[in-house]
Amino acid sequence: MRAALQNSSVIGPTVGFVRLPHAEGLPLPAYESTGAAGMDLRAAVPDDRPLLILPGKRSLVPTGLILEIPEGMEGQVRPRSGLAFKHGLTVLNSPGTVDSDYRGEVKVLLINLGDEDFAVTRGMRIAQIVFAVVTQAAVEERSLAGGTARGSGGFGSTGTV
């Protein structure tokens, strides 16, 4: 297993991670390569009770982590490409948003789109989290929307495939 990179070389805001009792012994999220955008989230399920997700079914998987995300940022929970490609397992509400003021346990909503049962085991890397800057927009009601060359065309109207 490749050792995760130390975060000491990362320049950016600090995100606090609180490890809950059922996540004891699991590694904290870390960047796995110098160019990685996301940190892997692991399943904090009991060793003796893997979580079985049947084809077409979904399950909320605990990570055993509470995050302290700086104001003005969010955590985006995204699928891991290998799980999606090899097993059809993906994050149902992708990207799932973890707001900066949320202080509950981060859980990952997984769905099995594959043809076989999938067992989520303790410590399995089930998703990734990407931290991003967000802004809050001011709301201004208008009677008409300003015109553009595109207009109201959508769903393939730009001619790109």
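Heads up, the Cβ atoms here are built off N, Cα and C, so glycines get one too.
All protein chains considered, the CB of S81 (substrate binding site) has 10 other CB atoms within 10 Å. If you look up Swiss-Prot, you'll see R80, S81, G82, N93, T97, V98, D99, K107 marked as substrate binding site, on the strength of sequence analysis.
According to DSSP, R80 (substrate binding site) is assigned to coil rather than to any helix or strand.
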